[in-house]
Amino acid sequence: MNRIFFILVAAGVPLSVIGSLMHWPSAVLFAVYCVTIIALASYMGRATESLSIIAGPRIGGLLNATFGNAVELIISLFALKEGLTGIVLASLTGSVLGNLLLVAGLSFFVGGLKYKRQEFNIHDARHNSGLLIFAIIVAFVIPEVFSVGMGNASKLNLSIGISIIMILLYVAALYFKLVTHRGVYQPNNAAQTEEEEEPEWSGKVATIVLFAATIVVAYISENLVHTFHSVAEQFGWSELFIGVIIVAIVGNAAEHASAIIMAFKNKMDIAVEIAVGSTLQIAMFVAPVLVICSIFFPTSMPLVFTLPELVAMVSAVLLMIAISNDGDSNWFEGATLLAAYVIMAIGFFLL
Amino acid sequence: MNRIFFILVAAGVPLSVIGSLMHWPSAVLFAVYCVTIIALASYMGRATESLSIIAGPRIGGLLNATFGNAVELIISLFALKEGLTGIVLASLTGSVLGNLLLVAGLSFFVGGLKYKRQEFNIHDARHNSGLLIFAIIVAFVIPEVFSVGMGNASKLNLSIGISIIMILLYVAALYFKLVTHRGVYQPNNAAQTEEEEEPEWSGKVATIVLFAATIVVAYISENLVHTFHSVAEQFGWSELFIGVIIVAIVGNAAEHASAIIMAFKNKMDIAVEIAVGSTLQIAMFVAPVLVICSIFFPTSMPLVFTLPELVAMVSAVLLMIAISNDGDSNWFEGATLLAAYVIMAIGFFLL
Amino acid sequence: MNRIFFILVAAGVPLSVIGSLMHWPSAVLFAVYCVTIIALASYMGRATESLSIIAGPRIGGLLNATFGNAVELIISLFALKEGLTGIVLASLTGSVLGNLLLVAGLSFFVGGLKYKRQEFNIHDARHNSGLLIFAIIVAFVIPEVFSVGMGNASKLNLSIGISIIMILLYVAALYFKLVTHRGVYQPNNAAQTEEEEEPEWSGKVATIVLFAATIVVAYISENLVHTFHSVAEQFGWSELFIGVIIVAIVGNAAEHASAIIMAFKNKMDIAVEIAVGSTLQIAMFVAPVLVICSIFFPTSMPLVFTLPELVAMVSAVLLMIAISNDGDSNWFEGATLLAAYVIMAIGFFLL
């Protein structure tokens with residue numbers, strides 16, 4: 001498997017560069033870019049696994065989510081610069097739905113085919129439930145409902161106020177998890193299992209691979225954004241569908257790869273940490289940063305989604321909480337999450 | 001008690017036939033039909049209890065829900081043929097509310113009067129919570145919100161897409177419960193209690209009673225549908241109130257009877273399986289089947305409820321999850337569910 | 001600390017009387033009234049602590065919530081008499097948000113700074129979750145959604161019907177907690193801890209202090225209501241912001257003081273009982289009583305909030321349930337609740 005990805009990267013990266021210089025047809029470029037990004041993502045997955053063996057599941061999961069979302073942040077900044085606020089909000093929605101339903105769904109399903117029941121830290125799951133409700137059901141819903149009766153200036157002020165509070169709370173969450181309450185909510189048997197395994201790469205190599213892959217992915221993603229218009233026209237896809245489904249799947253390829261590998265190795269803590277951790281990072285860090293950055297661009301971006309996007313995210317959060325709150329997963333719960341994702345994809349396709 | 005129901009059936013069935021042939025006044029027929037259906041439902045309750053002693057609480061509960069909902073499906077198909085999509089959607093809403101609030105409420109309340117605390121399988125309760133959120137908060141809410149911006153063709157396509165996914169997931173749920181994970185989530189003391197009891201009827205007799213009662217109930221229900229118009233005018237009830245409250249109570253009489261009998265005998269697992277199992281079957285099997293069948297009738301039926309119906313179902317699901325997620329019930333929780341049902345009945349009456 | 005409050009009360013009460021007789025500027029009166037009410041609230045907090053040592057945490061918490069809300073009820077009746085239904089509904093919203101997010105948030109945060117993890121009765125927490133969903137997500141949402149298609153008469157009838165059911169269920173909840181299921185859901189170690197402590201005041205003195213403070217607070221609150229108009233104009237605050245934030249903070253000062261004192265002494269059961277108990281009392285007793293009383297006033301008050309108020313309350317309930325359902329709290333959960341409160345305060349300020 002690793003050899004295939006190596007070939008894909010070795011061929012994909014140069015083709016991407018040549019293709020974009022020689023202006024190949026958009027559809028071809030679109031395909032080459034997507035395959036290359038997914039291949040690079042597998043390297044990010046293997047680097048994450050090494051780092052989580054060395055530094056523990058939480059830091060491993062956090063690093064993976066951070067590098068994965070770095071790609072997302074970079075793509076979105078390019079799109080914001082060109083005033084594509086609609087696609088940026090759609091791709092944020094896509095990341096939330098993609099991580100909560102597709103990544104978690106595939107992890108539960110694939111892991112569930114091999115193991116009857118899989119367990120993960122119930123305290124982390126409930127800690128995450130509270131934050132998911134805060135980020136999506138408070139911080140995304142309030143501006144949507146309150147801004148109905150507001151002028152644009154107030155709408156932006158409200159979004160900025162909320163963004164600042166979210167970033168502060170996100171930093172507080174890291175401080176809580178990694179400093180004041182580090183190990184407080186860990187089940188006692190957690191420590192030993194990690195020591196016996198040998199990491200594939202050393203800490204240094206893994207971080208370099210993760211970093212390099214992120215840079216290349218960012219470069220390719222930037223070109224990918226330019227193919228959207230023509231690809232949309234050619235395939236008859238709406239901007240909303242591209243943002244919510246296509247960009248999100250490609251942008252989250254790293255998380256997808258790592259989470260499924262971890263689930264298949266019965267390391268559910270890392271898989272859930274990647275899926276939910278990434279969602280929280282998108283909602284409580286990437287989205288607010290984009291709102292604040294947008295003040296310096298020609299078109300500012302208030303934190304106001306379309307109603308279908310908001311309702312899809314709220315129902316995805318409620319479904320994920322109901323399914324993950326008992327710290328126990330099986331193949332059927334994965335199938336339920338995937339079924340919800342397919343329903344939403346059909347909805348956005350027909351919109 | 002059984003003797004009263006015997007007399008009611010022995011008198012009710014012939015009177016129903018004669019009355020409909022001789023065109024008695026609608027109000028009289030309406031009353032005769034309702035009493036007869038409820039009497040027949042008690043037989044379905046007793047047959048269910050025998051079957052669950054023989055084949056275990058899950059299959060017993062499943063059979064009861066299936067035969068109970070068969071009546072619902074038959075009535076709705078007749079109504080669909082006559083283009084009454086409004087009443088069909090209303091009766092689906094009524095079944096969801098009726099089972100989640102009235103049946104579960106009465107079971108918790110009646111059982112709670114006799115036992116201070118009653119317990120039921122917490123894994124099943126949480127498994128059901130996930131499915132309730134998927135069926136009602138994802139699969140019913142998404143078409144409602146997304147179809148606001150859609151043409152009729154897309155609206156129907158979305159409903160059909162969702163219906164197919166729901167039926168597939170429902171079959172997967174049965175496969176999960178009865179095959180791959182049968183007994184995996186059972187508390188260890190479950191098995192013994194069931195062996196000591198003697199079933200009232202043998203497996204064969206019980207199935208025949210269940211089957212025969214369902215056929216007669218289907219016949220009477222078909223006539224019942226025809227009395228709606230005149231009864232509505234006479235009593236000043238709206239179609240919505242008839243669909244959501246009257247049809248649902250009459251159509252779910254079987255579940256009501258069985259669930260309360262089981263709760264009173266401290267067999268909470270079956271009572272909860274009937275109440276929630278029946279709701280899931282309505283939402284994930286009966287409703288999608290009706291949507292797909294409606295393509296072949298003059299008026300097709302997209303899966304789009306009115307806002308009051310949808311909000312009532314969503315709040316009923318959230319309430320039932322909050323109350324049942326700890327696997328522990330008492331009379332007050334039953335009173336809370338019943339209070340919610342009364343509030344919604346008043347709402348639909350005044351609408 | 002107690003000496004400061006003594007001075008504030010000794011000075012505040014006479015100043016309030018003189019100020020209102022001599023018609024000092026509204027802004028000055030507004031400040032004097034608020035400071036005096038908060039000082040009186042600290043006495044109510046100390047009285048509550050004595051009573052809960054004597055009569056147990058539940059009764060202590062209940063008494064505190066009742067006397068605290070008595071102030072709210074009195075202020076609202078005065079405002080109703082003057083037809084200010086908008087401010088009354090806003091202050092009910094403010095009390096719900098204030099108790100669930102500010103009082104509980106401050107308690108978890110302040111307690112969490114001293115203790116790494118604090119625990120409270122998980123059965124009570126889940127019992128309260130069910131009631132919170134019933135009161136806010138069923139009883140407040142149903143009239144809002146159903147009344148969209150209704151005339152004013154039906155709207156009021158629905159509100160009255162719901163109010164009667166809520167009061168009945170609230171009385172049933174007290175009967176359940178204090179009679180039929182008293183001690184049933186108590187963790188076994190609960191009893192001893194309470195006996196070792198000596199109450200500051202005897203039962204009689206504590207009740208007199210609680211009663212006297214409530215009367216004085218009621219008198220001052222009535223005058224406070226009259227300052228709203230001019231203060232609103234002077235500071236540019238909307239009526240909604242005054243009702244939801246200012247009135248609620250001042251009106252709930254008693255709960256705030258007691259809950260934080262209890263949390264700091266690691267008596268989380270009482271702190272949570274005050275925060276959530278008070279919310280339930282507002283939603284299931286004070287609000288319905290006001291609706292019914294409003295029939296006898298020139299302007300009746302249906303139980304129909306504005307959409308921002310309703311959405312804020314629903315998301316606050318979902319957040320509080322997700323955070324408190326495990327019976328375990330820490331400083332970060334407090335910070336999350338406080339962050340949600342600040343977001344909503346900004347929203348109401350900009351509305």
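Quick reminder: no glycine exception, Cβ is built from N, Cα and C everywhere.
Per Swiss-Prot, the feature transmembrane segment maps to B:4-24 (among others); the stated evidence is sequence analysis.
Non-local neighbours of the transmembrane segment (B:25-45) in the same chain are 2, 5, 8-9, 12-13, 15-16, 19, 64, 67-68, 71, 209-210, 213-214, 216-217, 220-221, 223-224, 227, 230-231, 234, 250, 253-254, 256-258, 261; each lies 6+ residues outside the stretch with a CB under 8 Å from one of its CB atoms. As annotated by Swiss-Prot, transmembrane segment applies to B:25-45 (among others), with the evidence given as sequence analysis.
Summarising the annotation, Swiss-Prot assigns transmembrane segment to B:59-79 (among others). Within its own chain, the transmembrane segment (B:59-79) has Cβ neighbours under 8 Å at 37, 41, 44-45, 48-49, 51-53, 87-88, 91-92, 95, 174, 178, 210-211, 213-214, 217-218, 221-222, 224-225, 247, 251-252, 254-255, 258, 269-270, 273-274, 277-278, 281-282, 285-286, 289-290, 293, counting only residues six or more beyond its boundaries.
The annotation transmembrane segment is assigned in Swiss-Prot to B:86-106 (among others).
Within its own chain, the transmembrane segment (B:130-150) has Cβ neighbours under 8 Å at 96, 100, 158-159, 162, 165-166, 169, 173, 276, 279-280, 283-284, 302-305, 307, 310, 313-314, 317, 320-321, counting only residues six or more beyond its boundaries. The feature transmembrane segment is assigned by Swiss-Prot to B:130-150 (among others).
Summarising the annotation, Swiss-Prot assigns transmembrane segment to B:156-176 (among others) and lists sequence analysis as the type of evidence.
Annotation source Swiss-Prot lists transmembrane segment at B:205-225 (among others), citing sequence analysis. Same-chain residues lying 6 or more positions outside the transmembrane segment (B:205-225) and placing a CB less than 8 Å from one of its CB atoms are 13, 16, 20, 29-30, 33-34, 36-37, 40-41, 43-44, 46-48, 50-51, 54, 63-64, 67, 70-71, 74-75, 78-79, 82, 84, 199, 247, 250-251, 254.
Under the heading transmembrane segment, Swiss-Prot lists B:241-261 (among others), citing sequence analysis as support.
Swiss-Prot lists B:282-302 (among others) with the feature transmembrane segment, giving sequence analysis as the kind of evidence.
The feature transmembrane segment is assigned by Swiss-Prot to B:303-323 (among others). Below 8 angstroms of C-beta separation, residues 89-90, 92-93, 96-97, 100-101, 104, 108, 129, 132-133, 136-137, 139-141, 143-144, 147, 155, 158-159, 162-163, 240, 244, 276, 287-288, 291, 329, 333, 336-337, 340, 344, 347-348, 351 of the same chain, each at least six residues beyond the ends of the transmembrane segment (B:303-323), sit close to that stretch.
Among the features that Swiss-Prot reports, transmembrane segment is placed at B:331-351 (among others), with the record citing sequence analysis. Sequence-distant contacts of the transmembrane segment (B:331-351) (same chain, at least 6 residues past either end, Cβ-Cβ under 8 Å): 97-98, 100-102, 104-113, 237-238, 240-241, 244-245, 308, 312, 315-316, 319-320, 323.
Contact counts against the transmembrane segment (B:156-176), taken as Cβ pairs under 8 Å, peak for B:282-302 among the stretches B:4-24, B:86-106, B:241-261, B:282-302. The list of residues near the transmembrane segment (B:282-302) in space but at least 6 beyond its ends in sequence, with Cβ under 8 angstroms from a Cβ of it, reads 69, 72-73, 76-77, 80-81, 83, 85, 88-89, 92, 95-96, 99, 131-132, 135-136, 139-140, 143, 147, 152, 155-156, 158-160, 162-164, 166-167, 169-170, 173. Beyond the ends of the transmembrane segment (B:86-106), by six or more residues, the same chain brings 69, 72, 75-76, 79-80, 132, 136, 228, 239-240, 242-245, 247-249, 251-252, 255-256, 259-260, 263, 271-272, 274-276, 278-279, 282-283, 286-287, 290, 301, 304-306, 309, 312-313, 316-317, 319-320, 324, 334-338, 340-341, 344 to within a C-beta distance below 8 angstroms of the stretch.
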